[in-house]
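Trainee: Before I ask anything, let me first share the structure, which is written out below as C-alpha cells.
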Amino acid sequence: MGIQGPVLLLLLLCVMLGKPGSREESQAADLKSTDIKLLSMPCGRRNDTRSRIVGGIESMQGRWPWQASLRLKKSHRCGGSLLSRRWVLTAAHCFRKYLDPEKWTVQLGQLTSKPSYWNRKAYSGRYRVKDIIVNSEDKLKSHDLALLRLASSVTYNKDIQPVCVQPSTFTSQHQPRCWVTGWGVLQEDLKPLPPPYHLREVQVSILNNSRCQELFEIFSLHHLITKDVFCAGAEDGSADTCSGDSGGPLVCNMDGLWYQIGIVSWGIGCGRPNLPGIYTNVSHYYNWIETMMILNGAVRRDLALPLLSITLLQAPWLLRPT
C-alpha cells in the first residue's frame, strides 16, 4: 500500500479518539470547571435571620433562598431547590402526568406560593423551563429525582441563592440540624395552606435505615427503604411533610453552610406517629446529577461523525493498488 496505509491508520486513529464516548468524557472535563460549578462557592449561604422554634411554622423572607416553587399552569405544584444559575433539583413524581416543559415555570425568591398579580418582583424571579430530566436508571426502583434546566440564567440576590450538594461519599445519618421546607397542606385531611400562603419550615431528625425499615415493616414496605432513600421526621408525628411539599429540599447545616441532603418523596399519610417521611438521598445520586448537568450544560458538535465520513470516502483511494 505504500504510504497510503499509514495515512489510513492515522485517520482511523483520529476517529477512535473522537468517538462519542470520549467526547462525553472530554466534555465533562471541560465543563466541570466552567458551566457546572456544582460544588463552587458561594453556596448554602443565607441571610442572617433569627432561628425559629421547631414544629411547622411560617418561615421568613430570604431564610431559604434556594427554595423554588414549581408551577404547573401558573399554580404551585411541587417544591424544588436551586443548584446553580440554570438548574433546579426536584422529585420525579411531580412530572408523572406532565412532562411538557412548556407547561411549567419556576418561581424563586418569594415567601408566598401565590404572589400578588401586581408583585413585579415575583415576575422577575419567575423562569421558564427548557428541559425536564427524570432519573430512569432502574424502573424497578423509584429513583425519585429530576432536574429542570431553566431557559435563562438566574440572577442571584439576597433572596435567591444556590444550595450546596455533598458527593456520594457523604452519609446523611446523625445530622442534628436539618430542616425541610414547603408550601404543602397542613394536615392529612388536605387542610390547605391559609393566606398569605407563606413558606413553612420544620426541623426534623434523620433516622438510620435499619430503624426506618422496622417502622415500615408493618405495611410490608420495608424493602423500599434502601440506600437511595432515608427517613426523617419525628417518631411522634409532630414534624413531617405532606401533599404539596413534594420535591422540596431537606437541608442540614454543616460548618456554617447549608447542604441539601434529601428531596421530599413519599410517605404514609401525614404526621402519623412512627411513620416518618421518605426522602430521596441526594448524595447517592450526586454522580447522576453531575453527569446530567455536564451532558446537558452545553451542546457541542460531535466531530466523530464527519471525520468518519471523510475517512470512509478516502478509503477506496487509499487502498487502491499501487
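Backbone N, Cα and C atoms are what each Cβ position is placed from, and that goes for glycine too.
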Trainee: Among Asn47, Asn208, can you tell me which residue Swiss-Prot lists with the annotation N-linked glycosylation site?
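Mentor: Looking at Swiss-Prot, the N-linked glycosylation site feature maps to Asn47.
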Trainee: Consult Swiss-Prot and report which candidate among Cys178, Cys212, Cys231 shares a disulfide bond with Cys252.
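Mentor: Swiss-Prot says the disulfide from Cys252 goes to Cys178.
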Trainee: With Cys78 as one half of a disulfide in Swiss-Prot, pick the other half from Cys43, Cys94.
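Mentor: Disulfide pairing in Swiss-Prot: Cys78 with Cys94.
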Trainee: Could you tell me which of Cys231, Cys242 is bonded to Cys212 by a disulfide, according to Swiss-Prot?
Mentor: Cys231
Trainee: Please tell me which one of the active-site residues listed here (His93, Asp144, Ser246) sits closest to Cys78 (disulfide bond), measuring Cα to Cα?
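Mentor: Going through His93, Asp144, Ser246 one by one, the Cα closest to that of Cys78 (disulfide bond) is Ser246.
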Trainee: Which number gives the other C-beta atoms within 10 angstroms of the C-beta of Ser246 (active site, charge relay system), all protein chains shown included?
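Mentor: Its Cβ shell of radius 10 Å holds 25 other Cβ atoms.
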Trainee: Give me the CA-CA distance between His93 (active site, charge relay system) and Cys231 (disulfide bond), in Å, as a whole number.
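Mentor: Cα of His93 (active site, charge relay system) to Cα of Cys231 (disulfide bond) measures 18 Å after rounding.
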